[in-house]
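All remarks here apply to the structure that follows.
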Amino acid sequence: MNLRGLLTLAMALQAVGTAAVLLASEVFAGTAGPRAFGAAQILALLASGVIAALLARFCAHRIERRQKKLADAHMAGEAEARRALAESERQTQAVIGTALDAFVQIDEGGIVVSWSPQAEALSGWTRAEAIGRDVVDLVVAGPLRSAFRQRMQRRLSELSETPIGMRFEAVMVHRNGDEILIEASSTSFRLGERHLINTFARDVTRKRVTEEQLIQAQKMEAVGQLTGGIAHEFNNMLTVITGTIEILADAVKDDPHLSPIAKLISEAADRGAMLTSSLLSFARKQSLLPTEIDVNELIEEVARLLLATFDKNIEIATRLDREVWPALVDRGQLSSALLNLAINARDAMADGGKLTMTTSNVVFGVRDAAAAGVGYAGDYVEIAITDTGTGIPQSNLGRIFDPFFSTKEVGKGTGLGLSMVFGFVKQSGGSIKVSSEEGRGTTFRIYLPKAETGARRGSGESEHRMVGGHETILCVEDDGDVRKYVTVQLESLGYRVIGAANANEAIAIAAEGTPFDLLFTDIVMAGGMNGGELAERLVAARPSLRVLFTSGYAYDSLHAQGRAGHGAPLLTKPYRKAELARMLRRCFDTAVDSVGDPIPLPYSVQPEVDRFLRKQASDEDGPTRS
């Protein structure tokens, strides 16, 4: 029963009791007289008062019990609410504490209210140091604070008007002064009379660097594929030009009018070959012959050359680590790369300066290797070329390795020098980095893989004798003009030639049993099967077959050894007759076959050729009668 019910019951009982007493007193008064009536009334009133007191006490007791229950329930509810709130806060702090992102809470004035452990790690400021301070003073460089505060106030007003929040990127400054690129998301909420802003932030500096490196690599790869394809087609044409001009030059050598013209054509073809070589170098499709080299020795040679050729107002200095490891790299290409960088440095120091070349050993972990742009973690040799020239504008730093990009005047550079260096270093398994400050100078750092113990050294062989032979060669070339030129040159050297326009024709010729000593094949051909696959098929059937590859691509340096596989050397296009003759004799005079098995010398299939020709002639004449 509720409180109102208890009071109503008490009043009703009091009324009933009072009426009963009065009724009794009336009866008593009628028999006893007036004096007794007064006593009865007093008795009735006393009885009524007692009843009222008892009822009041009863009601009060019930009311107290009811109120106590309500108070207990209220206190229990408050305690439960406090426990729930505390548990919620613990869970929130646990989430914030274990989150990978930094959490910062500020008020409308930018004062820090909360600062997570990740925020401490990200900024370098502890929680005790950050709470109560202006967040702008903690993470923004001094000169930028005023503008940043204005921008932040605009964002805070926008946040207070929307529950969605916002995402943004910003550059913050670590306590030690390092700049950090952060990605953040902020939301606003009202707590009493205050607006609070919650922000989660993460460091994306390394991620952005990696993304930019990937974009740059993809761009360079795309440009490389384009330039490599163009160079390949030009090399096919130049092979015909450089070869046939030799024949013409020899025919008109006694003509005073035509001989100089033939020489001009030959020199122009050589310049074209150098240009396509530069393009292939950038495209990382040149032929390299990596060997173990002493980089200190090579740099000293380059330094002596620079001292003899550069103006005296340019100082040449070297700081070489005498414990530097040997590098695995093509010696000639590295020498060209260093000269290219040195010439660029000279051009940047028109009024004189200092060019310094240094060497050192570096060991890259996985993260360092990714940041440096090298192929894998491990040991590398660093070569640094530093000048005190004009420096490179920041707007140009991202383009300096692009082919044909140049800031020099027209006619003073092709724009391929740095592209060539970039392609060569990348193809060698290394990387090149540049740092520059306008007015202070530029530093290029080349990272090359350390040579493993036992890596072969360059022999430095140079052959100039043009020697032919009498063996039979299967020449496979999909470009008709090149095939005709090669056939003429081979026959002029004394060889017998069997021509094929593609791999399928070559396989058909071999299937007929046609004997030949050597397969001379282009690598990149139309028709589905390339030269490498053709060589596999033919060598499997003829283990003693010699193979010589040729290509205008050099096929990504063909296993980075200047070879196309199967122990076969590679002759890169364009080539001249003397180079062709020398490579053929190297193939024929090698004492092992394509799979490494020894072959007795001299070796020739000429007797088989003669028997085959006699058999063919006999078949054409028909059967003989006895």
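First residue shown is number 1, and so on along the chain.
Note that Cβ sites are derived from N, Cα and C of the backbone, with glycine treated the same way.
What TrEMBL says about this one:
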type	residues	note
TRANSMEM	39-60	transmembrane segment
DOMAIN	88-159	domain 'PAS'
DOMAIN	229-452	domain 'Histidine kinase'
DOMAIN	472-588	domain 'Response regulatory'
MOD_RES	D522	4-aspartylphosphate
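Across the domain 'Response regulatory' (472-588), DSSP helix (H, G, I), strand (E, B) and coil residues number 51 helix, 26 strand, 40 coil. Cβ-based neighbour count (10 Å, all protein chains) for the residue listed as '4-aspartylphosphate' stands at 26. Mean pLDDT across the domain 'Histidine kinase' (229-452) comes to 79 in this model.
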